[in-house]
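Below: one structure, written as structure tokens.
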Amino acid sequence: MATVSGRRRKRKIQLSKLFTLTGAKACFKPDHSKIGRSGFSRVVFCNQPDSPEAESRNYCDNYVRTTKYTLATFLPKSLFEQFRRVANFYFLVVGILSFTPLAPYTAVSAIVPLTFVILATMFKEGVEDWRRKQQDIEVNNRKVRVHRGNGNFDLREWKTLRVGDILKVEKNEFFPADLVLLSSSYEDAVCYVETMNLDGETNLKLKQGLEVTLSLREELNFRDFEAFIKCEDPNANLYSFVGTMDLKGEKYPLSPQQLLLRGSKLRNTDYIYGVVIFTGPDTKVVQNSTDPPSKRSMIERKMDKIIYLMFLMVFSLAFFGSVLFGIWTRDDFQNGVMERWYLKPDDSSIFFDPKRAPMAAIYHFLTALMLNSYFIPISLYVSIEIVKVLQSIFINQDIHMYYEEADKPAHARTSNLNEELGQVGTILSDKTGTLTCNSMEFIKCSIAGTAYGRGVTEVEMAMDKRKGSALVNQSNGNSTEDAVAAEPAVKGFNFRDERIMDGNWVTETHADVIQKFFQLLAVCHTVIPEVDEDTGKISYEAESPDEAAFVIAARELGFEFFTRTQTTISVRELDLVTGERVERLYSVLNVLEFSSSKKRMSVIVQDQDGKLLLLCKGADSVMFERLSESGRKYEKETRDHVNEYADAGLRTLILAYRELDENEYEVFTERISEAKNSVSADREALIDEVTEKIEKNLVLLGATAVEDKLQNGVPDCINKLAQAGIKIWVLTGDKMETAINIGFACSLLRRDMKQIIINLETPEIQQLEKSGEKDAIAAALKENVLHQITSGKAQLKASGGNAKAFALIIDGKSLAYALEEDMKGIFLELAIGCASVICCRSSPKQKALVTRLVKTGSGQTTLAIGDGANDVGMLQEADIGVGISGVEGMQAVMSSDIAIAQFRYLERLLLVHGHWCYRRISKMICYFFYKNITFGFTLFLYEAYTSFSATPAYNDWYLSLYSVFFTSLPVICLGIFDQDVSAPFCLKFPVLYQEGVQNLLFSWRRILSWMFHGFCSAIIIFFLCKTSLESQAFNHEGKTAGRDILGGTMYTCVVWVVSLQMVLTISYFTLIQHVVVWGSVVIWYLFLMVYGSLPIRMSTDAYMVFLEALAPAPSYWITTLFVVLSTMMPYFIFSAIQMRFFPMSHGTVQLLRYEDQCSNSGNFEMGRQGSVRPTLVMRSHQPES
């Protein structure tokens, strides 16, 4: 038992070290003077939530609701959401008017379809919100230990917590509210917090309670605990907190180091005690919760315009008919004779009164608006929502996008953008963790001007192939492929060089420098060692993959970091003098943390000889300038090696050190303590200012080079996407040389491409920056960038605009100028003219700005893909954001529209699912308007035939059930199941994707052609039915056809025509589609029989029409057959001619598939004629001799 306790104690000391090194006691600063004023008025009565003073504050409870609706607001809010859609509002107005005498049909038949559609959509909304409600219930009913008096802590539900409650949160539990940390299982009140749910970062954050509350480590300590906290009011800033704690008459300042945020998780700490300061809606995470940016697809936006066009058409037809109706009504009485005697104009009150013709025309206009409402597809929106949800399920269930190693399937987080996946023109991608694995391997290094490491990188292998030379591994003569294929025996270490491995480094000329180099790697870090008590093996918990790779490399080369306490680091290493393995103890005095602005980190240690050493590692862009004159001995060689490593696609860091004297260190200690004690807004700037002064006059040791390997399948994926005509931009923080070579390795750049490079890293520019005024320098730099962009455009123009021949590479400094308002247009023109674009040294803000520029300036659909929190702006700015669920947390995934586990899955997501979804939604919408125009125009023609008397051709229930019953299921199945070509053919012929990029299937030309087809079909159906039935007896009894006979026949023809049109539209039949298409026709006949058999008060003019009039009459069946064939013939002929002489790309592939000419993938290649119509070209292969 004592042994276990000792181990736990040792573990606690190791884990709590970092705050002691990097933090300090807080002191009062100017921000604390705001306490009690506006914005800083919150008062918390610790351990006294029931006191009258606390209850008088009326703070909100801890119940958090993420649902869109409540039980009380569901009906009004959901109805409001539905009737915000102009089409639904139109049908509502029509439904209300149907209760007036103006209605050409009964009110029930108008209200039922609208009710069905609204209820279906509300049901979908309700189900989705209920799922959110279930999640809320689960979260709010979680339990935590709460102090209930006398030192007793009981389990209580999260939702019951109040401001001032004392909580005990245990290891791996989430914090239920925003807390001020009082104490922890560690003696120094340190705890480790995982904030992945907040910012996506997986590395642990350190927090520490005030010194005055360190002793509150047992439950009984809180029996008599009382304190007051005054702090800032609830706000959304996750990284700031200002407050004071009043304890025993003394005031103590509070800072973000004491703040534990709701949603964070306690890690590597047995327990903590904290006091609740913000609950429920007041917590910072809820204050930060905003709806993601609303994204609508191009097709959805265009569909709204089509709806408005249909409204215009409905109003135009109603107006046209009303004018003619008014004229004819005025002329009904001519010389005392009634022209339309059957309308009884002499007995009319208003509708057909010749004396009040203008008023009759106005009333007719309102009636016609209701009658023509069937041009508008009432079930369009709900059908598309159903289809998109099911399409998303297919994406989620695709086994080909399931990453088994991490057990991560694809996840469509929104279904609104499915069809947009088939129209992507530009992809903007992060590099690290997106194209690469973000799993670092130590592979090379430069020490004292000598390069070590004989491994070959993937980039070098690609360069070898590009140059056509045979690169041979220097150490053993193996080929490049063999060198790359060899898996490292130790994860994170892929270094091979017999000169310094196995202790051979002691024989090297600069053995003392090599020793300092690896000592620095073993000591300069924030890694925590963990010892497996069963095997004795040491593993490392690091904040980044780079850190872990460095420590592992040091261990494998003889410098094993194995223990860390609050103030020391222990390393086992080889003694240069004795040649024996010894343990060295380094006292860690300060850790100067890494930041993106500093681009370096340092530690100050004291070795066993009493020397004070500053050990520093950082980017070459900031390290070389910090070297002393005497410390630049190996600078030239190191720079050359760093450039070589960058060419090989490696990430490099410069290592340097210096010895400090005690006086200098004392001054530094005083200043860094003062800066860290500050809790003002400029605290970080003060710390940077102090560290800037000591991290100078360094002595260069060398450089490290680690490889971030490409993910599997990335080159093939990029190559296939390029074949599909998609332009790819890579936005990375790497050096230009590294980015270029990674570009070659992943097939983004090709040997035949002309590179247009825009940068400000030339010697002339660097010299200019060292002299002159800032404004003059900025103007000169901007002019230089403009000149380079103009020169690049001239090269493009000289080549005849051949985009495939050019790649644009630009660095971050140049990009800052290129994105300015007066230059971004010309920069975009140059970039669009290139096949590939690489933006180097890009900041997260620049990534978002570039994405916005491409989206707004190119007019193409943009897709951004990334894996880290720094990619969130880019993902939200793009039309489609794809998050990689990698190792950099879940922030990118949480901000994305679609999540995938590997970059290579993007190929299938776009070329297969994107292509299918675009085609399905496009065909579905076009067909929707076709079938409604076919139906609606027959109504208009009949009304015109009856002198615009507002008499409908069909029974009321025929009208109501057309869109929601007889023709809805086939079009939904079209949107779910249809495939023009199979998935293998989509991937085999990527140029098929260009149909979506160029929007060939949903252009105005295609939309209007479908509408025209609907008008033609309606005209043929009406006039052939009318002509065939009006002049002769309908049956053997000699009776002529009335409105019921003509209406029933026309309706039958319409149902058959739109069903057969669906058959011709479908490219891929399934059993379900056969059932719903032919079932719709069968259901129409069954409906005719059943509805017609109902009592006449219910079936009205449809009473026994089918059984007694239509079915027994041969003319009905003959007319139906003749009219249907005549209506379908023009489209069938058009389709045959187009397929034979003017095929689109998918038609060509279909022909090849049907003719079985595509069995060998090597027999065909894809080419494009012009810019729109792709074609397949046969290619013959000669056998190799």
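Yeah, the Cβs are placed from backbone N, Cα and C, and that goes for glycine too.
Remember, predicted model here, so these are calculated numbers, not experimental data.
As annotated by TrEMBL, active site, 4-aspartylphosphate intermediate applies to D430. According to TrEMBL, the ATP binding site annotation covers D430, K431, T432, E547, F594, K617, R651, T732, G733, D734, R841, K847, N870, D871. Residues or ranges marked as domain 'P-type ATPase N-terminal' in TrEMBL: 44-110. Residues or ranges marked as domain 'P-type ATPase C-terminal' by TrEMBL: 893-1143. Under the heading transmembrane segment, TrEMBL lists 83-99, 105-123, 306-328, 361-382, 928-945, 957-977, 1007-1029, 1049-1069, 1076-1096, 1116-1134.
Using a Cβ-Cβ cut-off under 8 Å and counting only residues 6 or more beyond its ends in the same chain, the transmembrane segment (1007-1029) has close neighbours at 306, 926-927, 929-938, 941-942, 945, 1040-1041, 1045-1046, 1049-1050, 1053-1054, 1057, 1061, 1115, 1119, 1122-1123, 1126-1127, 1130-1131.
The 10 Å shell around the Cβ of R841 (ATP binding site) contains 22 further Cβ atoms across the protein chains shown. R841 (ATP binding site) sits 11 Å from D430 (active site, 4-aspartylphosphate intermediate), taking the CA atoms of both as reference points.
Here the recorded positions are D430, R651, G733, N870, and the one ringed by the most other CB atoms within 10 angstroms is D430.
By the count of Cβ pairs under 8 Å, the stretch nearest in packing to the transmembrane segment (957-977) among 361-382, 1049-1069, 1076-1096, 1116-1134 is 1076-1096. The DSSP breakdown of the domain 'P-type ATPase N-terminal' (44-110), given as helix, strand and coil counts, is 30 helix, 3 strand, 34 coil. Considering only the binding-site residues F594, R651, G733, the residues lying within 10 A of D430 (active site, 4-aspartylphosphate intermediate) on a C-alpha to C-alpha basis are G733. In the structure shown, the C-beta of T432 has more C-beta neighbours within 10 angstroms than that of any other entry among the binding-site residues T432, F594. Nonlocal intrachain contacts for the transmembrane segment (306-328), taken as residues 6+ away from its ends with a CB within less than 8 angstroms of a stretch CB, comprise 86-87, 90, 339-340, 357-358, 360-362, 364-365, 368-369, 372-373, 375-376, 925, 929, 940, 943-944, 947-950, 1007. Sequence-remote contacts of a segment are chain residues at least 6 beyond its ends whose Cβ falls under 8 Å from one of its Cβ atoms, and for the transmembrane segment (928-945) they are 306, 310, 317, 321, 324, 368, 371-372, 374-377, 380, 383, 951-954, 962-963, 967, 971, 1007, 1010-1011, 1013-1015, 1017-1019, 1021-1023, 1026, 1046-1047, 1050, 1054, 1057-1058, 1061. Model confidence over the domain 'P-type ATPase C-terminal' (893-1143) stands at 90, taken as the mean pLDDT rounded to a whole number.
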